[in-house]
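Taking it in order: structure first as structure tokens, then the write-up.
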Amino acid sequence: MPQAVSDGGENLNGSDVGGSQALSHYGMDSTGYSVSFPPKKSLLKELSSTLKDMFFAGEDPLRQYKEQPSWFKRVWLSLQHVFLVLEWGRHYTLSMFKGDFVAGLTIASLCIPQDIGYSKLANLPPEIGLYSSFVPPLIYTLMGSSRDLAIGPVAVVSLLLGSQLQNEFDPKTHPLEYRRLAFTATFFAGITQAALGFFRLGFIIEYLSHAAIVGFMAGAAITIALQQLKGFLGIRKFTTNTDIVSVMKSIFKSAHHGWNWQTILIGASFLGFLLVTKYIGKKKKKLFWMSATAPLISVIISTFFVYITRADKHGVAVVKNIEKGINPPSASLIYFSGPFLLKGLKIGVVAGLIALTEAIAIGRTFAAMKDYQLDGNKEMVALGTMNVVASLTSCYITTGGFGRSAVNCAAGCRTAASNVVMSIVVLLTLLFITPLFKYTPNAILSSIIISAVLGLIDYKAAYIIWKVDKLDFLACLGAFLGVVFSSVEYGLLTAVAISIAKILLQATRPKTALLGNLPRTAIYKNIEQYQEVTTVPRVVIVQVDSAIYFTNSNYVKERILRWLEEEEERQRQQKFPQIECLIVALSAVADIDTSGIHALEELFRALEKRKIQLILADPGPTVIQKLHAAKFTELIGDDKISLTVGDAVKKFAPKAVDSV
């Protein structure tokens, strides 16, 4: 028989482990211990404790400042709190720089062609994609807490931004207005992210569950890949819709006259090359540089090929001119008033939350791999500040991308300074190299994006979600189908709606369980989990596994009564004596409100009519305080509250104990 752990913190003999000295006595047992009250707190202290738990995970946010002897050190500590580079920069060494330098060069070779492609995905000029990998990474290096996050435009946010913005302006007929709205959305995305971090409201993004993110990312990956078929096949006229039905219709309608075989040849050849190098990089970690440099190599070779063959004269679409120079200021272009202010705000909030969710998830992944702490709220402030500055310097929404962050980590980055190296390379590209992209075929950019987004389809994670939790899989599937068959925003809305529905279902229908005794012990466990347990004659023991609030109090009461009726019927068939006692185990009940107490009162009166005693076992500190304040303890009797389930059975059903 596997070793069992007793409920309520009792050991194998049924005694309490680590019990505190009782301040009041409820249900004194044979060991001399009883249910205790925690020290009574004033209203101010209770409110302060609640807020501290909610926003600071129980930590005193001012503790480190109180410990400093002088105001200068407090100011310096405040600056370190905001600009984390002041903290890790003091310990920066030459060996760290070597790792960051190599990593920065590597991710630069990956990000330059990706940035040009992602900006096209957002329907923005290609230079804006490069701008977005120059200024924002510098800001993040000053403030970010992740050592591995590589900053720049990402596919999902680019698609979301492009699909939202083109609902307001046509990027071809109104390019300036389209760009202004993009900068406005970027500004409000940054404000949203920074506000969430400043006010420590990061728990809001937790409403996007892991399962929903997996489905959303997979759906977005397929949608992005389908969108790239325009450049991959050389199609001139293409739908602006992102759903799979519209895209496939557009592709097949242009099959006879709109496809360009030279474009397809270029795209297919280099897509195969990119996928092979990515496969090699995954199989042999030391060869990660092959997959990292493959996009830039593809751009160089394909550009040279188009130039010498003049394939652009035979229907192969090319990037054409990319504007030289560094980021021009764009503060004057942001809509701070007028009808497009609210539209920019709406788009920015949605895109900002998606960008934030992706960055935090990726940052936590690499932090866990390298065993260091990632401060979520500082990350939000850093990302938000970065995007606010980005909106003022002709950039669009940037965040940490999984592909480039994985390459950054594999290349041996030591700190966020690898972003500075990447930024400098992008700066040099903007100043000197952009004219060389004139003959870069759009097909190669489409191939690069397709190969990049395929990694977002995590079918292994989806399979695990299916095996573990079917409701989670429903959220995953709903997000996936919403993105693929409707749009990115509806897929996101579906994911959030299903996640919230799951929370509501769990809150309104908490788990309850019938407990039985493990033979020759004082341990009581779930009869469905442990086949060895036996139910106790004359006694029904029910455990509630959730806080009891107004949302579930009536259900909990009815479920307990149903357990009682079922057990009465079963014991009657076995010709056991009549049920005398109902024990409700409260060890897993962290809190209770007035509706919950009212439900217990109704349960008590219903049992009283049937001449069955109600016993509460192992209530927590919050629960016992509230039961006492509501005088429920007086209603059922102080002696009807026991330290453990075992004590309750011994005290109120001694004959049953002897027969077990």
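The chain as shown is numbered from 1 upward.
Just so it is clear, glycine is given a Cβ too, placed from its N, Cα and C backbone atoms.
Look at TrEMBL and you will find 181-201 (among others) tagged as transmembrane segment.
Only residues 6 or more beyond the boundaries of the transmembrane segment (207-226), in the same chain, are considered here, and those with a CB under 8 A from a CB of the stretch are 121, 155-156, 159-160, 242-244, 247-248, 353, 357, 361, 449-450, 453-459, 461-462, 465, 469, 472-473, 475-484, 488, 491-492, 495-496, 498-500, 502-503. Per TrEMBL, transmembrane segment is recorded for 207-226 (among others).
The transmembrane segment feature in TrEMBL is assigned to 259-281 (among others).
What TrEMBL lists as transmembrane segment is 287-308 (among others). Tertiary proximity for the transmembrane segment (287-308) is limited to same-chain residues at least six positions away from its ends with a CB under 8 Å from its CB atoms, namely 106-107, 109-110, 112-114, 266, 270, 273-274, 277-278, 280-281, 316, 318, 407, 410-411, 436-437, 439-441, 443-445, 447-448, 451.
Here TrEMBL flags 347-369 (among others) as transmembrane segment.
Taken from TrEMBL, the feature transmembrane segment applies to 381-403 (among others).
Residues or ranges marked as transmembrane segment in TrEMBL: 415-437 (among others).
Among the features that TrEMBL reports, transmembrane segment is placed at 443-466 (among others).
With a cut-off of 8 Å between Cβ atoms, the residues of this chain six or more beyond the transmembrane segment (473-501) that come close are 156, 159-160, 163-164, 207-209, 211-216, 218-220, 222-223, 241-245, 350, 354, 462, 465-466. If you look up TrEMBL, you'll see 473-501 (among others) marked as transmembrane segment.
The annotation domain 'STAS' is assigned in TrEMBL to 529-652. As a summary of secondary structure, the domain 'STAS' (529-652) carries 62 helix, 21 strand, 41 coil according to DSSP.
Scored by C-beta pairs under 8 angstroms, the transmembrane segment (443-466) has its highest count with 259-281, from the stretches 181-201, 259-281, 347-369, 381-403, 415-437.
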